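Participant: The structure that follows is given in the form of structure tokens.
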């Protein structure tokens, strides 16, 4: 699922977020803040 350009895909819960995704170390973006 692709997100609109101004949204970010958070891979853990597969949500499109208007806020930044929380990260853990060097892992990919995980979830919405």
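The chain as shown is numbered from 1 upward.
The backbone N, Cα and C atoms fix where each Cβ goes, glycine too.
Feature list, courtesy of Swiss-Prot:
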- 3-17: disulfide bond (DISULFID)
- 10-21: disulfide bond (DISULFID)
- 16-32: disulfide bond (DISULFID)
- 31: site 'Essential for stimulation of [3H]ryanodine binding to RYR1' (SITE)
- 33: site 'Essential for stimulation of [3H]ryanodine binding to RYR1' (SITE)
Participant: Using a 10 angstroms cut-off on Cβ to Cβ distances, just flag whichever of 10, 21 is the loneliest among these disulfide-bonded residues.
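Facilitator: Sparsest of the disulfide-bonded residues 10, 21 by Cβ contacts within 10 Å: 21.
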Participant: Within 10 Å of its Cβ, which one of these disulfide-bonded residues (3, 16, 17) has the largest number of other Cβ atoms?
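Facilitator: Answer by Cβ density within 10 Å: 17.
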Participant: DSSP on residue 17 (disulfide bond), three-state: which is it?
Facilitator: strand
Participant: Tell me whether residue 10 (disulfide bond) sits in a helix, a strand or coil according to DSSP.
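Facilitator: Where residue 10 (disulfide bond) sits, the three-state DSSP reduction gives strand.
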Participant: What does the structure give for the C-alpha distance between residue 3 (disulfide bond) and residue 21 (disulfide bond)? Integer Å is fine.
Facilitator: 13
Participant: Would you mind reading off the Cα separation of residue 16 (disulfide bond) from residue 10 (disulfide bond), to the nearest angstrom?
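Facilitator: On Cα coordinates alone, these residues lie 6 Å apart.
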Participant: Cα-Cα separation of residue 17 (disulfide bond) and residue 10 (disulfide bond), in Å?
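Facilitator: Here the two Cα atoms lie 7 Å apart.
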